[in-house]
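> Below: one structure in structure tokens.
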Amino acid sequence: MEKNTAPFVVDTAPTTPPDKLVAPSIEEVNSNPNELRALRGQGRYFGVSDDDKDAIKEAAPKCNNCSQRGHLKKDCPHIICSYCGATDDHYSRHCPKAIQCSKCDEVGHYRSQCPHKWKKVQCTLCKSKKHSKERCPSIWRAYILVDDNEKAKPKVLPFHTIYCYNCGGKGHFGDDCKEKRSSRVPNEDGSAFTGSNLSVELKQEYYRHMNRNSDENEDYQFSESIYDEDPLPRPSHKRHSQNDHSHSGRNKRRASNFHPPPYQKSNVIQPTIRGETLSLNNNISKNSRYQNTKVNVSSISENMYGSRYNPSTYVDNNSISNSSNYRNYNSYQPYRSGTLGKRR
């Protein structure tokens, strides 16, 4: 009888043939990475030597653009269209299938190149004639529902909140700008920033405002050719001497176009001596005016005694009597040096 070997299990696996290489053990592994690569070789996971013809070698890198091996995507020499898959024909942004006409909804051309010139398109949402309902930009703008009561209210277009993306001006959209377009991309199909996307009521108000502003700007336009000509010669003015009083300020005021001041009018009373005025009777002659005036000469001379306007500090009775020769107002007449004229 055979002995029962349970619970022991007999290993029936075949032994490793001596002609195959075995992966290095932990004792054979060195800390030097170069020796480890040389020890493992090409088939380091399966213990295959580099000289073995039947060994499974690693594949070359695969390109993510054309799916070919031997190069990476950054070095790929082929042009692959991501829309139609054409190779070495055109770029993705130039693919005919990616270009869709906003007028006939066909692919391969823009609105300006549409062969259906007679076809009319109108959006049922914003009443625009430049795109269909499926391409309306107001679809992703409708965040709040509007009641019927709010629709009945008259709409007012806030021009102070409308700015142009082309010139930065206020009061119009970028597609309707009259200035030269700053972007090199042609605006053939239009965008959402145009007056055509407004409702019927606001559209009329918008274009009426645009026409009014264009008329006002035309009034301020001028030709710059007038500045190219030589300036006109200026008239030469002769120099006048200091004693020539023909061009004094008084004569200039008389020759001006303004109205004369009130004291130059004939019907206004003109004073002759400080502190006294004439009567309202204009028939009195000038000689009678000066004869009828009464001036206390002695009082004037007494008041001038000791003041800076007195010609001398010495008081003489004869000088007081002859004080009528002095003017009854400021008699100060300095010399060239600016000092007072004192008699010694």
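From the backbone N, Cα and C atoms, a Cβ is placed for every residue, glycine too.
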> Of SER49, SER312, SER337, which does Swiss-Prot mark as phosphoserine?
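The residue tagged phosphoserine by Swiss-Prot is SER49.
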> Of the residues SER31, SER279, SER285, which is given the phosphoserine tag by Swiss-Prot?
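Out of SER31, SER279, SER285, Swiss-Prot attaches the phosphoserine annotation to SER31.
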> Have a look at 61-78, 223-240, 241-258, 259-276 and point to the one annotated zinc finger in Swiss-Prot.
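Matching range for zinc finger: 61-78.
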> Can you identify, from 1-23, 139-161, the stretch that Swiss-Prot calls region 'Disordered'?
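Based on what Swiss-Prot states, region 'Disordered' spans 1-23.
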> Which stretch does Swiss-Prot mark as zinc finger, out of 99-116, 189-206?
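My reading of Swiss-Prot: the zinc finger range is 99-116.
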> Who are the chain neighbours of the zinc finger (61-78) in space, where the CB to CB distance is under 8 Å and they lie at least 6 residues beyond its ends?
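Here the qualifying positions are 87-88.
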> Can you break down the zinc finger (162-179) into helix, strand and coil residue counts using DSSP?
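Looking at the zinc finger (162-179) with DSSP, the answer is 0 helix, 2 strand, 16 coil.
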> Restricting to the zinc finger (99-116), report the mean pLDDT as a whole number.
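Taking every residue in the zinc finger (99-116) and averaging pLDDT yields 81.
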